[in-house]
């Protein structure tokens, strides 16, 4: 059995690989068709013009679904490992809620392009990266609270490093974007897909785009840390039949014991 076949480790693996592929494939397509500059464009710019926009959208929607599934399994794992610790249980529930909000933001990014509906796209980015960063913080805190009984100190420090990487990328991207879109370097920069290195604002643009790519891969690196945890967990579905056919409604007010007695009397 390969390492990614153990337990549910295929979930974070699929999330990371698929998400990275969605960035790379849309980037390659946009470059080949000369829709963006080869040197570090915005991730969103590589999913603005068809056909890469279609590829970008559908792949990120699948990434959002994989993210929701991964976060739910993580939630169930933490809950099962700490059934009698109210503080951890509360944090775990908050983490799942924020994580799913982040996944919804990813769907918004995928389906509302920057050059078409800019403000909705920004809202999606804030949900994805801003709320997602809080999700990372909560999971890092949970890792700290569960050491050394459940988690080793190493995994806590790795997750803390990924979270700090994420925070630095957010700050760098925010500051450079504010400078870039302050009006000092012209207007309508949202629609601008090609940049000349001699233009004013090019340095701020490059810092902003590099920060965005760095931010995206900090998220992917964080989910990579779930692989070892997921190797030790599996889920199963229990099927409970409420009747012998699919035509009659189940007796909602009859207990199992009463049903057995009736069957025996017949």
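Even glycines carry a Cβ here, placed using N, Cα and C.
Automatic, uncurated: that is what TrEMBL annotation is.
Taken from TrEMBL as is:
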type	residues	note
DOMAIN	8-233	domain 'CWH43-like N-terminal'
TRANSMEM	12-35	transmembrane segment
TRANSMEM	55-73	transmembrane segment
TRANSMEM	94-112	transmembrane segment
TRANSMEM	118-145	transmembrane segment
TRANSMEM	157-182	transmembrane segment
TRANSMEM	202-227	transmembrane segment
Distant-in-sequence neighbours of the transmembrane segment (157-182), which means Cβ under 8 A and at least six residues beyond its ends:
129-130, 133, 136-137, 139-140, 143, 189-190, 201, 204-205, 207-208, 211-212, 214-215, 218-219, 221-222, 225
Considering every residue in the domain 'CWH43-like N-terminal' (8-233), what is the mean pLDDT value?
90
